[in-house]
Amino acid sequence: MAQFSESVDVPDMGRRQFMNLLTFGTVTGVALGALYPVVNYFIPPATGGAGGGTTAKDELGNDVSVSKFLESHNVGDRTLVQGLKGDPTYIVVESKEAITDYGINAVCTHLGCVVPWNAAENKFKCPCHGSQYDATGKVVRGPAPKSLALSHAKTENDKIVLTPWTETDFRTGEEPWWS
C-alpha cells in the first residue's frame, strides 16, 4: 500500500502571478479614479435647504443689508447681487422703503451671457447677440427664446432672501421654464 504524506506542499505565489496581481490592481485603481468624475457629472448637485432660501450677497460676498441697500439706491434701480446657485440676480427698488417681491436672474436665455440693465432705454440688453428684455425680464426681442428667470425676494432680519420661483410666471401667464 502506498503511504500518503500528511503535509501537502502548497507552492508559493510565483513572480509572474505576483506581477499579474499588481498590474491588475494598478489598472483597476486608475480606471476607478478616471471613472469617478464621469459618474459624478451625472449626479445632480444638492439643492439648498428645505425652502429656506439664499441670502443675497454683494460683489465682495457680504450679505446685502436692505436698509443700506435702500439708502444707496433710487426707486426703479436694478442692482446685481449674487442670488440662487450663485447666479447674478437683479434686485429692483420698488420704493424708498421696499424692494420688489421678485428678483430677475441676469443670465441670458440664449447663450448664458450676463445681461446688463440699460437705464436710458429702460430695458435689459444682452451684449452678446442683442436679445432684449423689458423692465420685468420678459423677452421682447430675440434671439433669446425665453424670458429671464425669476426668484422670490423677501426681507428677513434686514437681509434680502431669495427663494425659487415655482408659481406661474406673471409676465407670460405660463409655468416657469426654469423650475
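Placement of Cβ uses the backbone N, Cα and C atoms for every residue, glycine included.
Swiss-Prot annotations:
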TRANSMEM  21-43  transmembrane segment
DOMAIN    61-162  domain 'Rieske'
BINDING   Cys108, His110, Cys126, His129  [2Fe-2S] cluster binding site
DISULFID  Cys113-Cys128  disulfide bond
Under a three-state DSSP reduction, the secondary structure at His129 ([2Fe-2S] cluster binding site) is coil
With the fewest other Cβ atoms within 10 Å, the residue among the binding-site residues His110, His129 is His129
Residues near Cys108 ([2Fe-2S] cluster binding site) by Cβ (under 8 Å) yet at least 6 apart in sequence within the same chain, in sequence order, are Val114, Val115, Cys126, Cys128, Ser131, Ala144, Leu148
Judged by other C-beta atoms within 10 Å of its C-beta, the most isolated of the recorded positions Cys126, Cys128 is Cys128
Surrounding the recorded [2Fe-2S] cluster site, with Cβ no more than 8 Å from the Cβ centroid of Cys108, His110, Cys126, His129 and those residues left out, we find Thr109, Leu111, Cys113, Val115, Cys128, Gly130, Ser131, Pro143, Ala144
In all the protein chains shown, the tally of other Cβ atoms within 10 Å of the Cβ of Cys113 (disulfide bond) is 15
